[in-house]
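Swiss-Prot annotations:
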DOMAIN    24-269  domain 'ABC transporter'
BINDING   GLY62, PRO63, SER64, GLY65, SER66, GLY67, LYS68, SER69  ATP binding site
DOMAIN    361-573  domain 'ABC transmembrane type-2'
TRANSMEM  385-405  transmembrane segment
TRANSMEM  415-435  transmembrane segment
TRANSMEM  454-474  transmembrane segment
TRANSMEM  492-512  transmembrane segment
TRANSMEM  515-535  transmembrane segment
TRANSMEM  549-568  transmembrane segment
TRANSMEM  608-628  transmembrane segment
REGION    649-687  region 'Disordered'
MOD_RES   SER661  phosphoserine
MOD_RES   SER667  phosphoserine
COMPBIAS  674-687  compositional bias 'Polar residues'
Amino acid sequence: MELESTSNGRRPPPPAEIGRGAYLAWEDLTVVIPNFSGGPTRRLLDGLNGHAEPGRIMAIMGPSGSGKSTLLDSLAGRLARNVIMTGNLLLNGKKARLDYGLVAYVTQEDILMGTLTVRETITYSAHLRLSSDLTKEEVNDIVEGTIIELGLQDCADRVIGNWHSRGVSGGERKRVSVALEILTRPQILFLDEPTSGLDSASAFFVIQALRNIARDGGRTVVSSIHQPSSEVFALFDDLFLLSSGETVYFGESKFAVEFFAEAGFPCPKKRNPSDHFLRCINSDFDTVTATLKGSQRIRETPATSDPLMNLATSEIKARLVENYRRSVYAKSAKSRIRELASIEGHHGMEVRKGSEATWFKQLRTLTKRSFVNMCRDIGYYWSRIVIYIVVSFCVGTIFYDVGHSYTSILARVSCGGFITGFMTFMSIGGFPSFIEEMKVFYKERLSGYYGVSVYIISNYVSSFPFLVAIALITGSITYNMVKFRPGVSHWAFFCLNIFFSVSVIESLMMVVASLVPNFLMGLITGAGIIGIIMMTSGFFRLLPDLPKVFWRYPISFMSYGSWAIQGAYKNDFLGLEFDPMFAGEPKMTGEQVINKIFGVQVTHSKWWDLSAIVLILVCYRILFFIVLKLKERAEPALKAIQAKRTMKSLKKRPSFKKVPSLSSLSSRRHQPLHSLSSQEGLTSPIN
């Protein structure tokens, strides 16, 4: 029967007058994943209608696999390219693209730099995105206002926290993530499960802050949420309840309980409304109940009038979906959508197109932020510098004052090969920090903070002082203790050789981090590549003896190690003389040693070898740029693969199976299924 009014005779209140702000409406919104292999097309969202308005906060709820994230991504314009969306998505009555500056999106994971304080995190983000025409005082005023708006005053000067330093709480981290997104004063704010992993108190404060943002700032706030507490649920103005991509209920959250009661599924007095809603539409409860019955051999309970005990969850869900389609709530939503579709103009809505900061301001800000992060993160460079110092003294004492005897030839070669090969290999230790930095980059890049070129340049500039320190410390200790060829110019070349070799390894690991964003697999991949480079450097097997096909040409020419070792040999041996193997024979020149014994060509200078390393460094940085750009284009294909895996997994879930039609309810109405809780929600029938 069609629902024309609520049980007490009241209808949902008439929609508010249309004023300033962003009015978002969607009509007959459908999202499908086409199966190009010939199988059936998967329908993720099925003909959804709804709207979100300024000054109100909407909750998108539903069981796992119901389409919450898909709906949120559809509204935010973040759908993968492998899916097809149909229907109308209107912004103030117009079909418009939801660009950066108009909308903001807060991800479920809080990706922040743990070494920065809350105030620093927000300040750097403000300088990256706000207009360069603003003075420093004006930017600081915006930052302080945002801190106050999110209630972060008490933790503003505490670090976010990472693996070696304790920081702010989970709720405070989430509010920091929200603060970063509202800096540009977006008109619409989307949030993906902002209370995930938070306790009830922290979740309440987060949603309360979002409600204040919506009401005080006149913004439109839409948030997906899984299973909020009753206190949190009461903070939401509107509710969009989904199940298997279909609308179970859309309207004001305070009328949802009445809707379920009218449909024959009243919420018990002592039960959280959100728990009751999900209990009615989540078919996984049937599986759990059946499993418990089978394992514990529970007897059949007596007949009861409780519909949750007499009906399968899929049947309850089908009835709710059908009742909503025929209800006054659905009619009210469609009527409001028609009103919003008639809006003309933007109604005072300010729209920003991309970041308003200049390229050079972004470069300066990113460089400073990255440098501060490197200084405070002991695992980024400081731990490696300590290890470099220790290893340098070990090398210096083992090869101390190596001399010019015949046996010193092998010692010099071994020492030079170890320094240019194994000591530069230690730069792989910064990979975990690379991974964390890349996460921040991907998140900020997706939100339109800055471009790829700015990030790559700022990363190298900020690391430059640390790389110089590593080269100078290692070069000074080993060069003077081993007593390589004397002379300031030779010492300078030795340090430059180390500097550019370490820079190449750093750049290589950045490429690996962009391709393999997993800590363990990235380390294995990077170590394997560096191992190949070392094998073709000419240290383990002389360059002339390498197989000509592939290993000599082109691998050894692409290996920084071969150029680094050749340059190191020339820098140390040329100009020196060594004692002969047998007494009475003439002394051996350094040129003879490296050319005849070690197969190093002396037709070009050591500076050419150093230039080759610099060229390889530039190539790695360019490759890093290309990989990041290509990943942006290839990401839809990767998401398509992930989507197929997700669909296969969801097909096995009872909650994802297609619900039966309403006409089929009578035939299976009295099956002896049992709910997990009684009507009062305090005890369980399973004893």
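Indices start at 1 and increase along the chain as displayed.
Placement of Cβ uses the backbone N, Cα and C atoms for every residue, glycine included.
Note that the coordinates shown come from a computational prediction; the quantities given were computed from them, not determined experimentally.
Taking Cβ-Cβ distances under 8 Å and a sequence separation of 6 or more, the neighbours of SER69 (ATP binding site) in its chain are ASP192, SER224.
The transmembrane segment (385-405) is not in contact with the transmembrane segment (492-512), judged by fewer than 3 CB-CB distances under 8 Å for residue pairs 6 or more apart in sequence. Listed by sequence, the residues of this chain that lie at least six past the ends of the transmembrane segment (549-568) yet keep a Cβ under 8 A from its Cβ atoms are 416-417, 419-421, 424, 493-494, 497, 500-501, 504, 532-534, 536-539, 543, 600-601, 606, 609-610, 612-613, 616-617. What surrounds the ATP site, by Cβ distance within 8 Å of the Cβ centroid and not counting GLY62, PRO63, SER64, GLY65, SER66, GLY67, LYS68, SER69, is the set THR70, LEU242, SER243 from the same chain. Long-range contacts of the transmembrane segment (515-535) within the same chain: residues 421-422, 425, 428, 431-432, 435, 438-439, 505, 508-509, 541, 555, 559-561, 627, each at least 6 residues beyond the stretch ends and with a Cβ under 8 Å from a Cβ of the stretch. At the 8 Å Cβ cutoff, the transmembrane segment (608-628) and the transmembrane segment (454-474) share at least 3 close pairs (sequence separation 6 or more) and count as touching. By neighbour count, meaning other C-beta atoms within 10 Å, the densest spot among the binding-site residues SER64, SER66 is SER66.
Taking each of the binding-site residues GLY62, GLY65 in turn and counting other Cβ atoms within 10 Å of its Cβ gives the largest count for GLY62. In the three-state DSSP scheme, SER69 (ATP binding site) falls into the helix class.
If you take the C-beta of GLY67 (ATP binding site) and look for same-chain residues 6 or more apart in sequence within under 8 angstroms, you find VAL31, LEU44, LEU45, LEU242, SER244, GLY245. Around the Cβ of PRO63 (ATP binding site), 25 further Cβ atoms fall within 10 Å across all displayed protein chains.
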